[in-house]
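**Student:** Here it is, the structure in full.
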Amino acid sequence: MDTLHHRFQQFQKTIWFNIFCYLWTGIFSFLAFAPVSLTHFVWIAPFGFFWLSLKYHGKYKKLFFHGLLIGVVFYAISFHWIIHMAITFGNFPYVVAILILLFAGLLFGLKFPIFMMSFSFLSGKIGRHSVWVAGFCGLLSELIGPQLFPWYWGNLAAGNIILAQNAEITGVYGISFLVFIVSYTLFQSNPWHWKEIIHSKEKRKQYLRFITLPALLLLTFIVSGIFLFKKWENVKPVKSLNVLIVQPDAPLSFRDGREIKESIEALMARIEKLTDEGAVRLGKKPDLIVLPEAGVPFFSAHKTEITTKVRRMYWDRFDSLMFLLANRYKANVFFNEIDAGFKGAPSPRNLRYYNNNVLYDPNGDRRDSYQKKFLLMFGEYMPFDFLYELSQQTGRFEPGLTHNLIRYYTPRYYTLAEKEKSPKGRHLGWTDTETFNHEAVRSYYETTRTEVSETGKFLPLICYEVILPEFVREFRTAGNPEFIVNLTNDKWYGATTESDQHMELGRLRSIELRRWMVRSTNSGISANIDHLGRFVGNKKTGLMTAEALSETIDVIDSPPTFYTQYGNLIPWLMLFLTGIYYLNLLIGIRRGKSS
């Protein structure tokens, strides 16, 4: 053991040790993250930080440099899909796509050097409470580090369903704090010290004192997680809804050699077929049919002066198909479209586009809509106009103005015959919309109109918004939703790990709000997630597939959770109080030296 220890110490002096640290943190973080989800590796993944912080203790420029390199390696391993996205979405050459990945690692991996420099500074100046210092610095780096695709160490640990329950109180940041506390404890419990701990009574006492706080903190999170899990597992739903998710695998563009009309016709027929097949598997009529973001790309079902004359985006056959699905099953249909409007006086300069979700009620009438508020930089807009010349596929979208919930409806039937009624003996289908214009389609179903009543409200999120916990909290001003619906298009990333990571990062919203989530994606991965963060029926769709997923979801009636009301209050309070304590210690140390 001593010989091995000596060799490791010699190895630490080499540049290869630095590379070893980069790879250690990068690889074990990836293994702990989705889709591999070997969560236990999260506890040792930060060791690379600790080794380099010890090697370059007090050398802040070097710590900053090595922290950046860890960020680049982490991004290259875990977020390698950025290359695919840059090529597919931005139409960039492969070399430029690699440079974009490296730039993302440097810029959005800043939380790594922030941790290493602050940890080296505080552990050196204070000289004690090193475990708490690790947690404090980890929390600090998580809270202030800039990110484009927000992920946190707590997300990696939340693969453990018990620990994940604490997100209801502490948010993901609280779990990140635990990760650094436990990780540093394990780091200091390395085999090199076992011999002296075993043979020295004093060393055993020191070690027991050292691990007491981390052990109590971990135990607190485990006990709290078990309590919350049991509490919410026993909550009875107030009602259930039959939900049908349609995953159409719509193309990103119509450039496969076929005529555009042929491609879009095939897509719309596929949507109709998947809906019918999903309803058959469900065995009953769905209450809610959900289509994903860009399920029907480039078109709008909103007939306005702007979408019909200024920019011809409205397609009556798109509008008709959504209307037909609503009437065929007397169900709510929630789908995505492109909408447009003027910002200010009507003029070409003031024309704006919106990423819009809208609901059609069981009569096919257009109801509430939600325009995406949190737009993705480089995807839906560019921070500077000249950048549009570099990536002409990037949209010019405008953020929505409101955080609003979506109302959904239940038809009122008076007889069984009325419930099963179809006009003139048959329902219209997609092919009929070629000969029936939208007004004719509506007229055909006029005799089947029924009274509908508002049943409840759900929280609508579009794509990226679901991974932003602070943003999702802002919907609390609109009321208390019954469940969450997330419409997403991850096709830009191909068959990479991004879809699994996107799903995993969004899963915690169900726990934070204690609401079931319906996640409908264009090309995968679609799923229903319960209020405990579990996949309902253990069902998920595949990647790059066209399929439907039918499931019954529960509605939990409960007041807003602690996290919904107070957000990251506990992590920020912990950071503030610890910061004040450390500042007081540093001032005392400085005064002691000057005297």
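Cβ atoms here come from the backbone N, Cα and C positions, even for glycine.
Note that the structure is predicted; figures quoted are calculated from it, not measured.
In case it's useful when we look at the structure, here is the feature table from Swiss-Prot:
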type     : residues : note
TRANSMEM : 30-50    : transmembrane segment
TRANSMEM : 63-83    : transmembrane segment
TRANSMEM : 95-115   : transmembrane segment
TRANSMEM : 167-187  : transmembrane segment
TRANSMEM : 210-230  : transmembrane segment
DOMAIN   : 241-555  : domain 'CN hydrolase'
ACT_SITE : Glu293   : active site, proton acceptor
ACT_SITE : Lys372   : active site
ACT_SITE : Cys463   : active site, nucleophile
TRANSMEM : 569-589  : transmembrane segment
**Student:** Could you pull out which residues elsewhere in the chain have a CB under 8 Å from any CB of the transmembrane segment (210-230), counting only those six or more residues past its ends?
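**Tutor:** Non-local partners: 131-132, 161-166, 168-169, 175, 178, 181-182, 184-185, 188-189, 532.
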**Student:** Look at every Cβ pair spanning the transmembrane segment (30-50) and the transmembrane segment (569-589), keep those 6 or more apart in sequence, and say whether at least 3 of them are under 8 Å.
**Tutor:** no
**Student:** Among 63-83, 167-187, 569-589, point out the range having the most Cβ pairs under 8 angstroms from the transmembrane segment (95-115).
**Tutor:** 63-83
**Student:** Rounded to a whole angstrom, what is the C-alpha distance between the residue listed as 'active site, nucleophile' and the residue listed as 'active site, proton acceptor'?
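**Tutor:** Taking the Cα atoms only, the residue listed as 'active site, nucleophile' lies 7 Å from the residue listed as 'active site, proton acceptor'.
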**Student:** Please report the Cα separation of the residue listed as 'active site' and Glu293 (active site, proton acceptor) in Å, rounded to an integer.
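**Tutor:** Roughly 11 Å, rounded to the nearest whole number.
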**Student:** Are there any residues in the same chain, six or more apart in sequence, whose C-beta is under 8 angstroms from the C-beta of Glu293 (active site, proton acceptor), and if so which?
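**Tutor:** Set apart from Glu293 (active site, proton acceptor) by at least 6 residues yet with Cβ under 8 Å, we have Asn336, Asn355, Asn357, Ile462, Cys463, Leu487, Thr488, Asn489, Thr521, Asn522.
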**Student:** So if I exclude everything within five residues of the ends of the transmembrane segment (63-83), which remaining residues of that chain have a CB under 8 angstroms from its CBs? That is, six or more out.
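**Tutor:** Answer is 18, 21-23, 25-27, 29-30, 33, 48-49, 52-53, 56, 94, 97-98, 100-102, 104-106, 108-117, 120, 149, 493-494, 496-498, 501.
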**Student:** Would you mind checking how many other C-beta atoms are within 10 angstroms of the C-beta on Cys463 (active site, nucleophile)?
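**Tutor:** Excluding its own Cβ, the number within 10 Å is 26.
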**Student:** Roughly where does the domain 'CN hydrolase' (241-555) sit in mean pLDDT, to the nearest integer?
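**Tutor:** Taking every residue of the domain 'CN hydrolase' (241-555) together, the mean pLDDT is 90.
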